[in-house]
């Protein structure tokens, strides 16, 4: 079999060092963003000069940019957005905290009762000749790791939101100097979130493994089975963060646009509109905090799935630490690759025109993928033996290190393909979105038809990319190959999150420019940033969906192995019924969330109409709207409405497994996986296309 070139000590040093480098780099980016002052001061107080410096304060007087009132207004608006977002997240986390504790207790009871809460050593699941730690220990440590993953997910989302609300007004102010300065500020802010999340997730998981190892010792199977709770905790919190944040942002968005733009014919983000603050808050709690938690959940689950399968393969059996930590080493190298890639956007190349924004973001994806391919090749060579065995449904499958390299690489490149296809279908630079915009000439009906058709068509290539990566990775390394393919897709998560967070930050910057009364030229620049941001947000969702599909399949494989199901026979009535019900679940979930958005939006529309009709001087701009009431409506509605969809997802496997058995549950899981991927891709791309079609029409009309 041989051994790895990289010694165990080298692996144990490499992982935390890379994580710390990621954290330090994110703090350095934050310091650069903080150089943009949100308080009026003399031109000379804005920091040192340089290529992307802040000393070139030569701005045209006709823009009104030296007016200190504009800066003060931007600061006030940013504070209102930040307070609204913080208030919502704290309210959400109170409810989610109750669920987290309740579900942790449930995990403990279910796992502990397997052997009657026995404190005696038990025969190992995969090798009955050896004795492993008691079931009660697995229950306790799994519960702890679940709580650890949940807390890390919550912190990741909260930090991302705080960074975004800190940066949005600063992006607006930098837009006065040119689109390049605004782009750098927005992208650096996104990088802060990306690197903090990637580095924190890696570091916490690494520390948890080492702490758990103090108790488990040589029982690596038990150790890494207990660690799986980390991924479950991250995904559980991501579910509520995504649903709650999504309901909030869409309710505010619909309420603000329907009454403000359609009925009252005032510009988007006009300060007279009572729902504009809630709309801007929603961008942060939905697209920043929600997406951060979502991608963290996928990352944690793919890492845990790979570690569990590896623990019952030759790595775990022979106690080879460096190969065992191969998934974490990939993530470590990914942080360094993303760090180098980020410098191409912020330091090596400077944006000077609007048309350079999207190519710059696209270049981030290409550079990170190429560099990461080289990184994966090096890691596979030094961290893996030349040949080893991987657990494959009861057997040990012989695998070469170059085959595992191909598994990770195919996932990485499948992610890039999904990203480019998503960009093609959601960017207004290409014909699909332009066709959707053109269809508006004949009314809303044709617009809806074209938009839905675009979403359905956009599924084709991503599904083939996912299918190909599954075929290649499973052929080479069974379920472990699929898990590391998902990890490959997420290996550049820091860059992916930076690109994704950039979008809502730019969107908020445009809203602040409008509300602060800045010139039309400034708004044009922020709109250009925002249009690119809509596309990058869709790309981020594409990565999340693709990786989630691979991770779900890897976890499904772990489930059928653990449940001792050798085959899932779709001709068995129990399984086929499960498939049908499982395929229906994403539609049920979507119906619940869409109705929730509709209910919340209805309340928002009524409140905005009430204020326009009852507050004297509001339309004339002499009276100030009641922003706080609209923020409260979105908060209350989203908190109330997020619980039923979340409960559907979390309770379905428990109910089906208890009352109908593991065979039916396997069908439900398979059906929901296949159906959910299609709905997620089509809905995400349709939404992005509609948003950018609107932007395309607005630009064409000018």
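Just so you know, glycine gets a Cβ as well, placed from its N, Cα and C.
Just so you know, TrEMBL annotations never went through curation; they're auto-generated.
So that you can see what the record holds, here are the features copied from TrEMBL:
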TRANSMEM  13-33  transmembrane segment
TRANSMEM  95-114  transmembrane segment
TRANSMEM  134-161  transmembrane segment
TRANSMEM  182-209  transmembrane segment
TRANSMEM  324-345  transmembrane segment
TRANSMEM  365-383  transmembrane segment
TRANSMEM  403-426  transmembrane segment
TRANSMEM  447-471  transmembrane segment
TRANSMEM  477-499  transmembrane segment
TRANSMEM  543-565  transmembrane segment
TRANSMEM  571-589  transmembrane segment
TRANSMEM  642-662  transmembrane segment
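Residues of the same chain lying 6 or more positions beyond the ends of the transmembrane segment (543-565) and with a Cβ under 8 Å from any Cβ of it are 125, 228, 291, 294-295, 298-299, 301-302, 305-306, 308-309, 391, 393-394, 411, 414-415, 418-419, 462, 465-466, 469-470, 478-479, 482-483, 485-486, 489-490, 496, 662-663, 666, 669-670, 673, 677, 680-681, 684. With a threshold of 8 Å between CB atoms, the same-chain residues lying at least 6 positions outside the transmembrane segment (365-383) that come near it are 4-6, 11, 322-323, 325-326, 329-330, 333-334, 336-338, 340-341, 344, 401-402, 404-405, 408-409, 412-413, 415-416, 419-420, 488, 491-492, 495, 499, 539.
Using a cut-off of 8 Å between Cβ atoms, the transmembrane segment (182-209) and the transmembrane segment (13-33) share at least three residue pairs, counting only pairs 6 or more apart in sequence. Residues of the same chain lying 6 or more positions beyond the ends of the transmembrane segment (642-662) and with a Cβ under 8 Å from any Cβ of it are 92, 95, 99, 103, 106, 236, 239-240, 243-244, 247, 563, 565, 574, 578, 581, 585, 588-589, 592-593, 596, 668-669. Long-range contacts of the transmembrane segment (13-33) within its own chain (CB-CB distance under 8 A, at least 6 residues past either end) are made by residues 6, 163, 166-167, 170, 185, 188-189, 191-196, 198-200, 202-203, 206, 325, 328-329, 332-333, 335-336, 339, 342, 346, 494. Sequence-distant contacts of the transmembrane segment (477-499), counting only residues of its own chain at least 6 positions beyond either end whose CB sits under 8 Å from a CB of the stretch, comprise 22, 160, 187, 190-191, 193-195, 197-199, 291-292, 295, 298-299, 302-303, 305-306, 309-310, 313, 326-327, 330-331, 333-335, 337-339, 341-342, 361, 364-365, 368-369, 372, 375-376, 390-393, 397, 399, 403-404, 407-412, 414-415, 469-470, 536, 539-540, 543, 546-547, 550-551, 553-554, 557-558, 561.
Non-local neighbours of the transmembrane segment (95-114) in the same chain are 135-136, 138-140, 142-143, 146-147, 150, 154, 229, 232-233, 236-237, 240-241, 639, 642-643, 646, 650, 654; each lies 6+ residues outside the stretch with a CB under 8 Å from one of its CB atoms. Within the chain, the transmembrane segment (134-161) has long-range Cβ neighbours (under 8 A, six or more residues past its boundaries) at 85-86, 89, 93, 96, 100, 103-105, 107-112, 114-115, 117-122, 193, 196-197, 200-201, 204, 208, 212, 215-216, 222, 225-238, 241, 284-285, 288-293, 296-297, 300, 497, 501.
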